[in-house]
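One structure below.
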Amino acid sequence: MRLIGGEEHKSNEQPENENESNNEQEEFTLGLGLPHQSTRLVVGYALTSKKTKSFLQPKLENLARNKGIVFVAIDQSRPLSDQGPFDVILHKLFGKQWRQILEDYREKYPEVTVLDPPSAIKHVSNRQSMLQDVTNINLCDCHGKVGVPKQLVITEDPLSIPDAVTEAGLVLPLVSKPLIVDGSAKSHQLSLAYDQLSLSKLDPPLVLQEFVNHGGVVFKVYIVGEAIKVVRRFSLPDINKLELLNNAGVFRFPRVSCAAASADDADLDPGVAELPPQPLLEKLSRELRQRLGLQLFNIDMIREHGTRDHFYVIDINYFPGYGKMPEYEHVFTDFLLSLMEKKYKDYPGNK
């Protein structure tokens, strides 16, 4: 935790003296063993310009400031260790160089919370490993079952895909997704292959998933620490046997589920619209937080059409578009303050 000091990322003005700077800063006082010290949480962030715009909205910055949280932009042209000091580093950048910078920083400054560890993010940036932990979770007595669609990884030679699919026993139609998730729009593009011959038109490396009819709705389960928020988004429509017989080829789609495709206010069949049971979501998110080592992610879930309690996880995304989540500013600031509270409680004088 930092005493009053530092500078908010929007301000380029320098105060005339240090006392003036301290007096003008927003303060936040916690009664956690240091009742007379005004403190604030300094969050350094390293995000793309697009992510910064979508996440650091005025409603978040204003609420955070009132709660004693300050966001400071990390200058990627300067050594990270020369900046700060920070209580938390919030990031979503890709590449080996950035991962190494963060790993070195974590080793030098273990008291700083990095959201999230680069090694954990790497695990969910590959769709071959992304969903492995889901299949190992025991969700009995949680009012539902959660699985993963049968899938196959193809790393090269598109001409080999039809035979590989036959050998693996996958059933058409198949959803094709890029193997690596790197934050680009391309890594979230989907293709739907209706027939065996068209599979050779796909572009490896990729993951093929069996398409599961799900009423055209996907549940976006946002996770911020222990907090869970669920929203409905429109997805690919169901495919019947007649459509499968009468269609051929590969159909490409941009990112399917987005804020513009919200299904929360749509007139949906109750069996499609009903959210997954809360006990199921709580246990699933808790288990995945522990297994993945992540605090900030979302789960894309679907309910198999015609069932009430059979769900599939089809994707996991690190640091998703929280700006699309209802009341995200309250959820996120509460989460950051909980990190601050835990840090105070861990101080030797407060135990």
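Count begins at 1; order follows the chain as displayed.
A Cβ is built for glycine as well, from the same backbone N, Cα and C atoms used for every other residue.
Bear in mind that TrEMBL entries carry predicted annotations, made automatically and left uncurated.
Predicted, not measured: the structure shown is a model, and the values here were computed from it.
On its own chain, Lys51 (1D-myo-inositol 1,3,4-trisphosphate binding site) has Lys92, Phe319 as residues at least 6 apart in sequence with a Cβ closer than 8 Å to its own Cβ. Under the heading 1D-myo-inositol 1,3,4-trisphosphate binding site, TrEMBL lists Lys51, Lys92, His188, Lys220, Asn317, Gly321.
Other Cβ atoms within 10 Å of the Cβ of Phe211 (ATP binding site), summed over all protein chains shown, number 21. Sequence annotations record features per position, and here TrEMBL assigns ATP binding site to Arg127, Lys177, 209-220, Ser235.
Just so you know, the Cβ of Asp315 (Mg(2+) 1 binding site) picks up 22 other Cβ atoms within 10 Å once every protein chain is counted. The Mg(2+) 1 binding site annotation in TrEMBL covers Asp300, Asp315.
Under the heading Mg(2+) 2 binding site, TrEMBL lists Asp315, Asn317.
Here TrEMBL flags 1-13 as compositional bias 'Basic and acidic residues'.
Annotation source TrEMBL lists compositional bias 'Acidic residues' at 15-26.
Among the features that TrEMBL reports, region 'Disordered' is placed at 1-26.
For the pair formed by Ser235 (ATP binding site) and Asp300 (Mg(2+) 1 binding site), distance between Cα atoms is given as 11 Å, rounded to the nearest Å. When the binding-site residues His188, Asp315, Gly321 are compared by Cα distance to Phe219 (ATP binding site), the shortest distance belongs to Asp315. Within the same chain, residues at least 6 positions away in sequence whose Cβ sits under 8 Å from that of Gln209 (ATP binding site) are Pro149, Lys150, Gln151, Leu174, Val175, Lys177, Ile314. When the binding-site residues Arg127, Phe211, Asn213, Gly215, Gly321 are ranked by how far their Cα is from the Cα of Asp315 (Mg(2+) 1 binding site), Arg127 comes first.
Neighbours of Val217 (ATP binding site), defined as other CB atoms within 10 A of its CB across all chains, total 23. Checking Cα-Cα distances from Lys220 (1D-myo-inositol 1,3,4-trisphosphate binding site) against the binding-site residues (Arg127, Phe211, Asn213, Asp300) with a 10 Å cut-off leaves Asp300, in sequence order.
Other C-beta atoms found within 10 angstroms of the C-beta of Arg127 (ATP binding site) number 21, with every protein chain shown included.
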